[in-house]
Structure formats: structure tokens, C-alpha cells
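Engineer: To start, I am sharing the structure in question, which I have written as C-alpha cells.
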């Protein structure tokens, strides 16, 4: 029997028979790991545990604790759900059923609207099927076989998918029990590993995300190998409902959405305070860090987008309109227009780096089904900047941007996680320039001692990028800041030059960067992260002055006026209500500080301080309290 060598993560090398499976290997290594194993990674590619190994390789066994392992687990769970639906609803047709960040879904076409009671029945059927412990079996088929199978089954969605598969691509089926699906995999060894399941909701979803197609029913679910993990997940979901920015935005009078303008928030006065505070914060940093601010037109002729490459690569996401027989677009991004500012005069090597910032309004034609509160909008306010620099300045500029990002997110006590996104399939430009750009980003990350993840093929079409994620109070990851290196789109397509020290024209390098990313998205993230309990410097109302009776109203007005004169955002409640009612209402509004003023406080010129969520802090001299609040505001303190 021919032997192959298998290298394990700890460096050990095993010699096994060719055709041995990862499952067989792990069963010989560790019973515990074999019980927990869900998939294997062979030479960096995730495969089924039951796939035979045909050559020397590096092997890693994946469990549910690994992100890629969770994807496999939830993908297999989606198949199990489809199997259950097919048994309960004969004739059901299926769209796609992928794993997502926190579970899975499957788009289904059945003859009636699914109810909560149906979800319970589907869950029960899934548990029944899981207990059969049927193996997931992979089978390679021809395109003709695949088409014949699903045409006979009467599933037009699968037929459509297969028809669009390249004739040279490998097509695979996965079966468990009586259910067979079109799928690339990989999958669990068997259904028995899926122990605990919860189906969460049903939503409408147009086939292929196109409103011209039929609306299917998207069934969302989650599954875990252990009950305590499922319980924790369900608790997080309950907490997430309480923190939902759409609900809090309305309750706290920050922002609302209306079907008159899908994908665009109505910013209310209190929400605008948060928006302006963030804007002020960023602008202060821009000034400190040597940026110059510009503002460019929103409505631009298509010629610009043809030249930049966006017309070819991004047109479907643009709002296009005709004006006086010419085609225009609302700008989906700021990048190309900054080149016109750059080219207004001849640039010298001494002028670089030129840091052009723009807090600009953008519009992107997101499909209605993809819109989701502040997290996915059509109207976006972006804190963009484009840095034009010499090649020898790339490293120092990226280092400065990393410092900028770390500082800003440190204010909110977030810990940025960095990812390098590499060349996508639709990349423009010279591969050698791409390699140079990727190496520059790697070097900057490594010089800063940053451990970073790799996102293969997720760069922009014009250059690789560093993406930054943060983790919120619920443990969810959010994509925020970005640093994109561009040797191609802006410098070459717009023929940008500077006069170098030798008197010759040279190409600058463009660095695209955003710190918050979208203001809308970031405010949504902060609203849920803080559960509406914004730090004092961001809170729309920072202090509420609450007299106990009308007899203290005059002194309460003096306190309120003093706060307002010092630019502390304060309100006063002079209503003839019980103080407990006033306090309860201020707590509901999530106002950071409440100043309770009774006869004792009026006589002594003091205030009784109450902190939101913490209760009484005691009696303070007014000026001492003001000093404390101003310190929290000036330092942008976050508890």
C-alpha cells in the first residue's frame, strides 16, 4: 500500500496509507477530539472528515470552536432543516441554504405561509432525523445528471443554479438519508452531531435578491453541539432585541425610518447631537493629523465613473439618472472626485503627502431586501480621506493611520482586530503592483506588532486593503475602519503625477481610508453596544434637573441655566409630578445624570446627584459636580 506523510499542527508527521481519511487519523490520535471533530483543513482547504487523503499534506482537525468548523456545522444543519421541511411539506422547492454569522437559513418555496407552529414541527422533525445519525455522503455528478435529477424532482431553483455552472466545474451532491441537495460542501460526518436546534424566524426573500423574482420564505435557525451553548445564544438574542437600535432609536428620539424613504434615516434632534459630536471628534483629529477638508459634488456625470472603473465594476449599486440627455449618477463613493482637487495644480514631491478628507453624503442602490436599519442603508455619510503620497512614504502613512484607528476606537474601549484583504478575481492593474501593495500593508501591520487575519480575494478591485473589526458588548463582530492601497485606479486612470526631486514626473500612490466607515452604521453599533446608555460626552441630554416641588423651581432654574451656559446639555423638569415619576422618566430616557433638588439643596446651594443605572451618588457642591461632568466630557470618558 502506498504511503503518504501527514503533518499535524504541532509539527508531528504521520505516515499513513494513501486513501486514509482525516476521521480515521483523528480516531487514532484522540477519542475526545474525534468526538468533537466536525471537519478537516488540508493544506489550508476545509474538507469533509471522510474525504480520502491522496498525497502528502498538512492536516488540521476542526471543531465547533473554530470559525470554519462552525460554518460546516451550521451548513449541515441547514441541510438537515431542508430535509425536515421536505418530509413535512412534500413538493417543497429550495433556493439556497448557507451558514451565516450566527446560524443558518434556507430559502424555501412551499404552498402556504409558514407559521410559528410550523417551525416547532420542523424543529421536532430535525431532532428526529438527527437521532438517526445518517452519514452525509458526497457524490460527484455530471452537469447532465444534476439537471436531470432536479428537473425530475421539480425544483426550478436548483435547475437555474446548475444551468449557470461552468461546464468544466465539478458538481457535487450531498445526501443524508432520503434527502439529496446540490452543494459544494463540506459537511459533518453525520447528522448525529447536530444535538440542539432552534428555528428562530421566517422572513420573505426574493429569489436571487431580485424583486422581479418570486418571493420565497427564508427560515432562520441555529444549532449547537451542546445545550449550554444554545442557551447562551438564545440569551444573547434576547439581549440583542432589547438593544435593537431601530427600537432604541425611536424610543430615545434619535432617528426613525419611514417607508417614504427606504434605506435612509430621518435624523431627529437628539440623534443629530450624537452625529455632530462624532463629526466634531473626527474633525478635531483631522486637524491634528494634517488633513485638509474638501467637499465634492453628489451628482456626477457617468464619464467619471467610466474612467475610474466603477461603471464596469459597481454600476448595479449606483443610482443612475438622465439629465438633459446626459447620464449622471449619485456618487456611491468619494474617491474619484478627490483627483480633480489633486490635479488643480502641479504637485511637487515636497507637497506630499497630501491628505484630503471629506465627510460626504453617498448613495448606494442596495436591494430593498438587504436593507437593515442603520446597518445597511442607501444613504450614507462617510468619513473618507484620500492620501496622495510618494512610494517612500507609504509605510509611514499606514503606520499613522493604524495609530489613528487605535486612538479613535480606544476612546470607546473597543479593541480593533485587523485583517488583510487580498487581490479579488475582478482586480484591475498589474499583478506586480498588487504584490507590492500587499507587501506594504503586511509590513506595516507587522511593524506595529499586530496579529492579523487574512481575507483571501476580498480586496477592492483597485487594491488590497486592511479591514478593521470591533467586537461589541454582545460579542458580535462589526466591520468598521478600512485602509486601502491604490497604485492603479486613482493614480493611473486619472493620470496623477508629481514632480520628483530629479525634476521628472512620477506617479503618486493613493491611500483610501475611513475611520468610522459609515456614520449611520457606527451610530447603530454604538446604540446597541451601549444599549442607549451613551457616555456623557455623546449623550443628547447629559443632565436632567429635577426639583421635588414647585418651591425649588427658581433654584432649579439657576442650576439649569448655569449648566447650559457652560455648554452642558441639560434639561429641566418643572412639571407638577412626584419626584419618583420624574426620576423614572429620566432613567427611561437614559440621561447620565439627574440632579435632585429639594429644600435642603436649595438652602445649601448644593445638588443631590443620581447616576443613571447606579442610583444616588450623594450631595455635591454644584461647582464640584460641574467640574466632574466637564472632565468626563473633555476626556470622552467611557465606563
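Glycine residues also receive a Cβ, built from the backbone N, Cα and C atoms like all the rest.
What TrEMBL says about a protein is an automatic prediction, not a curated fact.
According to TrEMBL, the protein carries these features:
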type	residues	note
BINDING	335, 386, 512	Zn(2+) binding site
DOMAIN	1-63	domain 'TGS'
DOMAIN	231-535	domain 'Aminoacyl-transfer RNA synthetases class-II family profile'
REGION	244-535	region 'Catalytic'
Engineer: Can you work out the mean pLDDT of the predicted model over the domain 'Aminoacyl-transfer RNA synthetases class-II family profile' (231-535)?
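Structural biologist: In the predicted model, the domain 'Aminoacyl-transfer RNA synthetases class-II family profile' (231-535) has a mean pLDDT of 91.
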Engineer: How many other Cβ atoms are found within 10 Å of the Cβ atom of residue 512 (Zn(2+) binding site), counting all protein chains shown?
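Structural biologist: The answer is 23 other Cβ atoms.
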Engineer: Determine which residues of this chain, when 335, 386, 512 are set aside, have a Cβ within 8 Å of the centroid of the Zn(2+) site's Cβ atoms, and list them as they appear in the sequence.
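Structural biologist: Other same-chain residues with Cβ inside the cutoff are 333, 334, 338, 384, 385, 484, 486, 490, 510, 511, 513.
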Engineer: DSSP on residue 335 (Zn(2+) binding site), three-state: which is it?
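Structural biologist: DSSP call for residue 335 (Zn(2+) binding site): helix.
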Engineer: For a quick check of packing: other C-beta atoms within 10 Å of the C-beta of residue 386 (Zn(2+) binding site), how many?
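Structural biologist: There are 25 such Cβ atoms around residue 386 (Zn(2+) binding site).
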Engineer: Over all shown protein chains, what is the count of other CB atoms within 10 A of the CB belonging to residue 335 (Zn(2+) binding site)?
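Structural biologist: Other Cβ atoms within 10 Å of residue 335 (Zn(2+) binding site): 23.
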